[in-house]
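Participant: First the structure, which I've put down as structure tokens, then a few questions once you've had a look.
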């Protein structure tokens, strides 16, 4: 008993207040499984609120842009009360270059997000992730709300909105490296793809809830579509501060044997190791930025995610606008209806993330799974563009399928793959690379996420068919970038099947 109580003062220094209260009420320490449950729930809510706050811009676009003046007032309740705002757009976005300005707002946010991501991962591996995540969420809530405050202050200066979005993007970049690092600290590789596939539904849940909230509040003035999501993420940030245990060591939890980070090496060459292992030795120093880039597989998946997020974020920011400006069965939908309908894409994304994670676990092949989904996304995008306008039912079906194949690999790479690479064998068990590796992969992907919506703002003014051609090419390139890893995984599967069929072969020879 004495040996257990000795380290207690040091451990309790970093134990969240909420965990202490739960343990006091229970009069015993929380189990490891209970801590894992808290981690999954709190990080799920945290990142769902991040994505909910991002959806406001895409929902409000068709209200700010004057091109939507002929489709916006018929279905929205109390529309006549806000005729000037909803019908005439909002300066400076109500000019002939309104669509391009909205594209610049998006790219400003995503560029700041991408740049901030690289620094956030570096800082996250060197700071207390609970504090870091809390500051990021409260800051995100503040600047999201300030964008909406421009409605009541009657602000029409383009650079005000540009600056606010850039600052919001910087604070938003704190989220992803932090939540993936925390989850990676608590869960080993066993069923990581499935667990993180289910957990990654927070992206789609956040998009759906953000769309519904922003759409519902449009009729009361577009400012509310920013302020309410901003207040929500700030509140969830306080929940993170009170409850989130960043690692088993920080709360004195005994790690379950089944959740130990032990991965078996399956390939002779380190560069072809798609699933990774961690040794028992733990290093004290956080991994450097350049060293993290050199981890086998990091650069490949990072550039793959560049093109994958280009597709996903073009849908995230422009799908409601596209729907409201496309005649479906000969009819145009209002901004509110288009925003609600766009959630079907995210519903498909939930299933896609879970399927990709489960399939990659069963096949033990992340690259094969991600590449297959990207290739399937190409015909899905084609059918949605050229047949989605025929009827509302076909639009929903094809939109769902697009969400499944587009978000599946995006979810897999940003969760399970990032966590796998963050515990690569070359790191010798150093878990302090998780945030840095995650930031490198998602930061590189976020550059693509910035470029996609920016190009769409310009290309869509000429042709939406050209936009979808760009998206199909991006999906193709994303799949092709994984070719080397796919070949390595297929070769490993062939070697495994041969070794199983040759019982007389020595185990040592099988590893050579």
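Numbering starts at 1 and runs along the chain as displayed.
Cβ coordinates are placed from backbone N, Cα and C, and glycine is handled just like the others.
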Participant: Look up transmembrane segment in TrEMBL and report which of 277-297, 298-318 it refers to.
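Facilitator: Result: 298-318 is the stretch TrEMBL calls transmembrane segment.
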Participant: Compute the average pLDDT of the predicted model within the domain 'Major facilitator superfamily (MFS) profile' (41-491).
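Facilitator: It averages 82.
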Participant: Check the transmembrane segment (298-318) against the transmembrane segment (368-387) for contact, please; criterion is three or more CB pairs under 8 Å, pairs 6 or more apart in sequence.
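Facilitator: Yes, the transmembrane segment (298-318) and the transmembrane segment (368-387) are in contact.
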Participant: Restricting to CB pairs under 8 Å, which listed stretch, 226-246, 393-413, 433-455, is in contact most with the transmembrane segment (159-187)?
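Facilitator: The listed stretch sharing the most Cβ pairs with the transmembrane segment (159-187) is 433-455.
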Participant: If contact means at least 3 Cβ pairs within less than 8 Å, sequence distance 6 or more, would you call the transmembrane segment (131-153) and the transmembrane segment (368-387) in contact?
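Facilitator: Answer no: the transmembrane segment (131-153) and the transmembrane segment (368-387) share fewer than 3 Cβ pairs below 8 Å.
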Participant: Where else in the chain does the transmembrane segment (199-220) make close Cβ contacts, counting only residues six or more beyond its ends and a cut-off under 8 Å?
Facilitator: 40, 43-56, 58-60, 63, 76-79, 82, 86, 183, 226, 228-229, 232, 316, 320, 335-336, 339-340, 342-343, 346-347, 349-350, 353-354, 357, 403, 407, 411, 414-415
Participant: The transmembrane segment (226-246) and the transmembrane segment (393-413): do they have three or more Cβ pairs under 8 Å, with pairs 6 or more apart in sequence?
Facilitator: no
Participant: Looking only at residues six or more beyond either end of the transmembrane segment (368-387), which have a C-beta under 8 A from one in the stretch?
Facilitator: 301, 304, 308, 311, 352, 356, 359-360, 394-395, 398-399, 401-402, 404-406, 408-409, 412-413, 417, 464-465, 468, 471-472, 475-476, 478-479, 482-483, 486, 489-490
